[in-house]
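Okay, so here's the structure we're looking at.
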Amino acid sequence: MRAPTTVRCSGRIQRARWRGFLPLVLALLMGTSHAQRDSVGRYEPASRDANRLWRPVGNHPAAAAAKVYSLFREPDAPVPGLSPSEWNQPGQGIPGRLAEAEARRPSRAQQLRRVQSPVQTRRSNPRGQQPPAARTAHSVVRLATPQRPAAARRGRLTGRNVCGGQCCPGWTTSNSTNHCIKPVCQPPCQNRGSCSRPQLCICRSGFRGARCEEVIPEEEFDPQNARPVPRRSVEGAPGPHRSSEARGSLVTRIQPLLPPLPPPPSRTLSQTRPLQQHAGLSRTVRRYPATGTNGQLMSNALPSGPGPELRDSSQQAAHMNHLSHPWGLNLTEKIKKIKVVFTPTICKQTCARGRCANTCEKGDTTTLYSQGGHGHDPKSGFRIYFCQIPCLNGGRCIGRDECWCPANSTGKFCHLPVPQPDREPPGRGSQHRALLEGPLKQSTFTLPLSNQLASVNPSLVKVQMQHPPEASVQIHQVARVRGEVDPVPEDNSVETRASHRPHGSSGHSHWASNSIPARAGEAPRPPPVPSRHYGLLGQCYLSTVNGQCANPLGELTSQEDCCGSVGTSWGVTSCAPCPPRPAFPVIENGQLECPQGYKRLNLSHCQDINECLTLGLCKDSECVNTRGSYLCTCRPGLMLDPSRSRCVSDKAVSMKQGLCYRSMVSGTCTLPLVQRITKQICCCSRVGKAWGSKCEHCPLPGTEAFREICPAGHGYAYSSSDIRLSMRKAEEEELASPVREQRQQSSGPPPGAAERQPLRAATATWIEAETLPDKGDSRAIQITTSAPHLPARVPGDATGRPTPSLPGQGIPEGPAEEQVIPSSDVLVTHGPPGFDPCFAGASNICGPGTCVKLPNGYRCVCSPGYQLHPSQDYCTDDNECLRNPCEGRGRCVNSVGSYSCLCYPGYTLATLGDTQECQDVDECEQPGVCSGGRCSNTEGSYHCECDQGYVMVRRGHCQDINECRHPGTCPDGRCVNSPGSYTCLACEEGYIGQSGNCVDMNECLTPGICAHGRCINMEGSFRCSCEPGYELTPDKKGCRDVDECASRASCPTGLCLNTEGSFTCSACQSGYWVNEDGTACEDLDECAFPGVCPTGVCTNTVGSFSCKDCDRGFRPSPLGNSCEDVDECEGPQNSCLGGECKNTDGSYQCLCPQGFQLANGTVCEDVDECVGEEHCAPHGECLNSPGSFFCLCAPGFASAEGGTRCQDVDECATTEPCLGGHCVNTEGSFNCLCETGFQPAPDSGECVDIDECANDTVCGNHGFCDNTDGSFRCLCDQGFETSPSGWECVDVNECELMLAVCGDALCENVEGSFLCLCASDLEEYDAEEGHCRPRVAGAQRIPEVPTEEQAAGLTGMECYAEHNGGPPCSQILGQNSTQAECCSTQGARWGETCDPCPSEDSVEFSELCPSGQGYIPVEGAWTFGQAMYTDADECILFGPALCQNGRCLNTVPGYICLCNPGYHYDAVSRKCQDHNECQDLACENGECVNTEGSFHCFCSPPLILDLSGQRCVNSTSSSEDFPDHDIHMDICWKKVTNDVCSQPLRGHHTTYTECCCQDGEAWSQQCALCPPRSSEVYAQLCNVARIEAEREAGIHFRPGYEYGPGPDDLPETLYGPDGAPFYNYLGPEDTVPEPPFSNTASHLGDNTPILEPPLQPSELQPPAIQNPLASFEGLQAEECGILNGCENGRCVRVREGYTCDCFEGFQLDTALMACVDVNECEDLNGAARLCAHGHCENTEGSYRCHCSPGYVAEPGPPHCAAKE
């Protein structure tokens, strides 16, 4: 860059130039002197009415400095100094004019002395007084005007950045397009930098500056002062574009009011002023080892020193430069007072009877004022702090402009690192920490400050509010209080710059903590690029389960703060999963991506995220921030739970065991458990009430003692395996604190040397060695080294006693274990007796090491990273870089006590213990590398091979080819480019393809379109404009006739008929007729017709008429269209009491009914027929009734002739009471003459069958007795037959019946069989040949071994019956049958393959069953080498499959089925099927209902069932004399002994249900036994829960009752030991169930506890439901007059008949007269939707809720809540 040249011009030219510039200069001075600066770099007048004069170029911080590169002019503003002809002069563009103006500019030094912005003037003058020279200085401003876009000449501009038909200032069109998307940078970017936005250059690595004109020198990190130092260039020459003259001008710029000073030496300047490596938007990222311990990837350009000031050590060091605030800080330091408007919510916990509940109450809106950074309201207990500055690196705001910094940072914003050790001293920060401790709870909010000047990025203030722990706070507004701004001295003014935030920043992101103001002579650094979530705060979720976000944080955060730390999902209105993050910092497309645990500080820095600032991260524990993560630590006596985020007491995992007592009364423990358990298992469950040998009472829930042993609440306990126990060593902060205190009081070496490595607890073994060959008695101490990286530990003496700690160390002694100490030589010194060199006044005589006293001197034990000086008297730094630890992959930088590797690009730093090395980075593993191609990793780099559809660009990346740029790609459609390809899409309706684009189609050219209207073409469509009488169709593409009849306005009193374009009226209503033109119905005058209203006056009305002034005896009708007679018999004034009033014209008469007589002409009195006459004698009593009488007949008589006399009831003719006998009617009764085999019943007198088979001796031992009506029969066994009398079984003599059955052998009859005997003992009988043959000589014949095929047939397999239309092998007869047993009996198929049995006439059947059907071989029985066969007992082979509902009886061959009563045998199914008695038995006057094995007759009132049970007859008395419950009542027996009933219930009879469910054990004259009280039948009969059955079956939604009275009970398993319900198992009734009745427990034995109804919260009590059928007694199924006996309900008899009282969950279907299930999931009439956050499943009589992922079931009303 050449030096500026001063050009002399003539006075005319200068006057002309100043004449053109004078208005602009005056406007500049007048406008900016009172201008307010906003956050986008614009100067605006203080008055709102003043016009905006000008604005600097761009919206970056370059506009804030005094150096102005160019100005944009407004579209209609003239350019000063140039005429319109010169402005538009062809052939000479704006760059040429600028070059000419540049040539006429004065020198840079002159310009800087003449042009000063108000901001720099205030910064440069400490007192804020502007000298007259500065006020009257003239401004020389260089102008630049954007070129007119070339696209304006090609056609209309579209898209963004278009202003008034041309590109907006700062933008131009890209090549071959009409879009203003190309930014303009003037002057252009240098050194191959790219123009990202107007006047914003993105620099390549190694360059910086507003135009990338400077080269960044390489810098090293100096740990002494924690700031980077530029490396000296070769020969000390300055970088490009930087000369000594230029440096001199820099100093002149900073100090404009001082005389010019000579330029300082370049070497001194480079050493004392740190350069900005990350100036501009350079992509250079250099990571240096952070001096802090949190692992922050800090910038190497951080300002050093404790405060925000930076002093220059050059010749101008006497002048102080005040640093401006970091980027993004608005002008809020002048605010003295703010107000905070918030609403507190007070929550309190109330406990009653062992249960605690939280009650919250919202308070009033409260306003607190913060004066001087903090405010306090002593009445409400609230305290607030606010900060106008962001506290970085985990710092906390504790007052106005005051940050409390953690141990690893310092400075005003906590933006500076501090040297090691990493933990802060105990005394540091105690002054401010005391403000944050105490009983109050603290909440932190980062909010924008309202009531301030308009700005793009409003000021963010951090408000910390201390409030009572039971309160929560919601802040509504943080506002600045006007009129409370104090004047600020000029030296403390802030240079306001354009504020931008990096990617992902929000109100919580302190991204600008490490920024440095621009150096003198440089353009200020541009701000970071705004992110896509600029200024956006959302909800952070800690867990994501199956796509559902859960566990949200209690405060709003930005996406980067959330996803970079502990969050898994983030969003504002809907959550989205966090994107993946790289393993190390990566810059792609100008954006910096930070690894997990870090966030962007600016475009080139990643800063560690302090997760400990997140509320509620470590519950009840202390959060410690670490590098890229965090840890939760606990106090002594506490430990982390399995979640590693909460501290629990050691008592929660105690393994001490003792007895657990289930009851504790008056300090006495009873009911101990058998097994010893821990206290937390005993007390955390609901079982134990006390524990231990001392009977320690379990703490109540909700108390602190309960939370100590049960931190997870009721039902949960920790085990020692869940929590990893660890010994707690002394913290580094505790070990290092005495060292810091020692050094604070001494003046020893600088603190950076000895504090490089933290002290760790270690042990050592000291061995006394032999005497050294030195003078005196000095002894040497040999140190055994095994771990050289641990610091020294002061040993104990030879006897094992601990040696006192050395000063400056303060390390407590540990156990006597092996000590690990690095060895060194021994330095022996002499001194007077008692002289201790280690305590001779020096704080640390050895420096970074440990001084060890020897008998005659001392020695130094150096710390790791240090070595003994050659003089052997102190420790010095060890230069590890001489050993090349970085192995050529990076540059080694030695530091005091350590070293670091600065890895080259393509390598990453790996730390292994205390060593560092550079490893190759596999760039191909990073997402997005080589997108559209294949990545190949190389040593230190990588390269891409592009796929088809991609092309390699300049930087080695693959870029998609946009095929749609070619017009011929999609000639007939629309081209859509995609990564690596493209797609041709058909044009939408209304468009046609033309050269790759879709153009509009003119549908109006189509003939016949828009009939009855006019066609109007539109973009992509068309519409019709209709003629009068027509309207548009819904799609607006046609015209249709308007139906005038659709509106009631046409023919409202008639029938409207629509026509094309018109309508007509017809069929007018009564009282109207059609007018002449037929378009309306007019009123008809009915009074004009004769005969209307003959007894009154006719009055015409619209559409009708009325009759008025009726004659006497008449009145107007209700319709008013006639006069009607007055009926005197109506109304309450009826004169005929007890009789019928008959109306006449003008009068009436009384007619009395039969049995009444008229008295006084108006009253009908009853005639008493029973007086003086005996109408019902002699078998009845006369009872008078109103208007009649009836006879009350004696038993055995019935009323006749309408109840006027009594006649005998012929029971023999009506009911047939004598079944099996002859009925003889008597006067008022009857007698039964029973036939043989019947006897009269003692209770009813009817003839009942005598069961002869009750005597076991009947039929003898060889038969089975089968009882029949009036007799019996004997069914004899095989070989026996019935005797002639039929009452016994006698043996059959086969030898007599079967002639020659034994052939030539002798036949001998035996009991039930016979034998064939040969005459000679040398012969034996052959059953197959039927004669005797000689015996085999020597021995009996050996049976033949069956073949393999025969053996397979002897294997037991499945036997199948005939399928009868179903699948062939679906009916199994037996599981283990041989083929002969199956196929010779009832089987049809056999075996694993279900092979069919052979037919009876086949050879296979003859071989399988030689003896025929029904005979099987005897296993193991052989005679003369042949198998013996016997009859197959089908009842044994196929017992379960035969004769179901009956008894199987074997015969020879075959079997018979003896079916139970009510069943008949079905030969097809081989079972006893139910016999439908209703088909052949007439249920007279009633309804017959068939049941399984029986039937029932049901009668309708007033009929009742007679004693035969098959006929419905009239009751012998009136219905009033027989209540509903008197049907089928009998004696109830209280005791049954040996099947004999005794102790009948005296006083009244009961029903079967009432007897068995109360105290009875049997019922009726037949002594019918009641079911056992522990059986399921009893539970169903008496409507009680069966405890044992419920425990076996688990939890049921409904009890198993069916009929009978009783409340709606729930099984006992729904209740705990104390009677309290388990809310986790509540069904869908939405109410807490009541426990079973206490009186039912008396039937369960003495050991069953009686359950008491628990205390229920009022909000859970169900409302009282009044059941109108609750007072009726439930009937048994056989007693019910409804089909199926009211399943899912109870049958009750009411006066109208029978009905069903349905159980809960069912409703009565009156059409089916049955209880059907209620689908609760479709019932939308409830108070709240069922199963919120889940889906509802309907079940029989109930429903279930299935919660969605991330939700769990909640007690109370059925809904699902988010999982915590």
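Even glycines carry a Cβ here, placed using N, Cα and C.
According to Swiss-Prot, the features are:
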| type | residues | note |
| --- | --- | --- |
| DOMAIN | 181-213 | domain 'EGF-like 1' |
| DISULFID | C185-C195 | disulfide bond |
| BINDING | L331, T332, E333, K334, I335, K336, K337, I338, K339, V340, V341 | heparin binding site |
| DISULFID | C387-C397 | disulfide bond |
| DISULFID | C391-C403 | disulfide bond |
| DOMAIN | 658-710 | domain 'TB 2' |
| DISULFID | C684-C710 | disulfide bond |
| DISULFID | C862-C875 | disulfide bond |
| DOMAIN | 877-919 | domain 'EGF-like 5' |
| DISULFID | C881-C892 | disulfide bond |
| DISULFID | C987-C998 | disulfide bond |
| DOMAIN | 1000-1040 | domain 'EGF-like 8' |
| DISULFID | C1026-C1039 | disulfide bond |
| DOMAIN | 1125-1165 | domain 'EGF-like 11' |
| DISULFID | C1234-C1247 | disulfide bond |
| DISULFID | C1253-C1265 | disulfide bond |
| DOMAIN | 1431-1473 | domain 'EGF-like 17' |
| DOMAIN | 1474-1513 | domain 'EGF-like 18' |
| DISULFID | C1532-C1555 | disulfide bond |
| DISULFID | C1556-C1570 | disulfide bond |
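Taking the features listed in Swiss-Prot, we show where each one sits on the structure.
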residue: C185; record: disulfide bond; contacts (Cβ under 8 Å, 6+ apart): C195, P198, Q199, L200, C201, R211
residue: C875; record: disulfide bond; contacts (Cβ under 8 Å, 6+ apart): C846, G847, P848, G849, C860, C862, S863, Y866, Q867, L868, H869
residue: C892; record: disulfide bond; contacts (Cβ under 8 Å, 6+ apart): E880, C881, N884, P885, C886, Y899, S900, C901, L902
residue: C1039; record: disulfide bond; contacts (Cβ under 8 Å, 6+ apart): C1010, A1011, H1012, G1013, C1024, C1026, E1027, Y1030, E1031, L1032, T1033
residue: C1253; record: disulfide bond; contacts (Cβ under 8 Å, 6+ apart): C1265, D1266, N1267, F1272
residue: C1555; record: disulfide bond; contacts (Cβ under 8 Å, 6+ apart): C1532, W1533, L1545, A1562, W1563, C1570
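Of all the recorded positions given, namely K339, C710, C987, C1556, none has its Cα within 10 Å of the Cα of C1247 (disulfide bond). Long-range Cβ proximity for C987 (disulfide bond), meaning a same-chain Cβ under 8 A and a gap of 6 or more residues, is found for G973, R974, G993, C998.
Straight-line distance linking the Cα atoms of K339 (heparin binding site) and C1556 (disulfide bond), rounded to a whole number, equals 79 Å. Residues 1113-1115, 1186-1188 of the same chain, all 6+ positions outside the domain 'EGF-like 11' (1125-1165), place their C-beta atoms under 8 angstroms from a C-beta of that stretch. C987 (disulfide bond) falls outside any helix or strand according to DSSP and counts as coil. Here C1556 (disulfide bond) comes close to W1563, C1570, P1571, Y1578, L1581, C1582: these same-chain residues lie at least six apart in sequence, with C-beta atoms under 8 angstroms from its C-beta.
Ranked by CA distance from C391 (disulfide bond), the disulfide-bonded residues C397, C710, C1234 have C397 at the top as the closest. Candidates V341, C710, C1234 (recorded positions) were compared with C403 (disulfide bond); none lies inside 10 Å Cα-Cα.
Take the recorded positions V341, C397, C1026, C1234: by the count of other Cβ atoms within 10 Å of each Cβ, the lowest one is V341. Recorded residues C710 (disulfide bond) and C397 (disulfide bond) have their alpha carbons 36 Å apart, per Cα-Cα distance. Straight-line distance linking the Cα atoms of C397 (disulfide bond) and V341 (heparin binding site), rounded to a whole number, equals 19 Å. For C881 (disulfide bond), the number of other Cβ atoms no farther than 10 Å from its own Cβ, over all displayed protein chains, is 16. DSSP assigns C1570 (disulfide bond) to coil, not to a helix or a strand. V341 (heparin binding site) sits 104 Å from C1234 (disulfide bond), taking the Cα positions as reference. In the predicted structure, the domain 'EGF-like 17' (1431-1473) carries a mean pLDDT of 87. Long-range C-beta contacts of C684 (disulfide bond), restricted to its own chain and to partners at least six residues apart, with a cutoff below 8 Å, comprise I709, C710, A712, G713, H714, G715, Y716, A717.
Across the domain 'EGF-like 1' (181-213), DSSP helix (H, G, I), strand (E, B) and coil residues number 0 helix, 11 strand, 22 coil.
According to DSSP, the secondary structure content of the domain 'EGF-like 17' (1431-1473) in residues is 4 helix, 18 strand, 21 coil. Least packed by the Cβ count within 10 Å, out of the disulfide-bonded residues C195, C710, is C195. Of the listed disulfide-bonded residues C403, C862, C1265, the Cβ environment within 10 Å is emptiest of other Cβ atoms at C1265.
Helix, strand and coil content of the domain 'EGF-like 18' (1474-1513), in residues and according to DSSP, is 3 helix, 18 strand, 19 coil. Cβ neighbour count for C1532 (disulfide bond): 26 (other Cβ atoms within 10 Å of its Cβ, all protein chains included).
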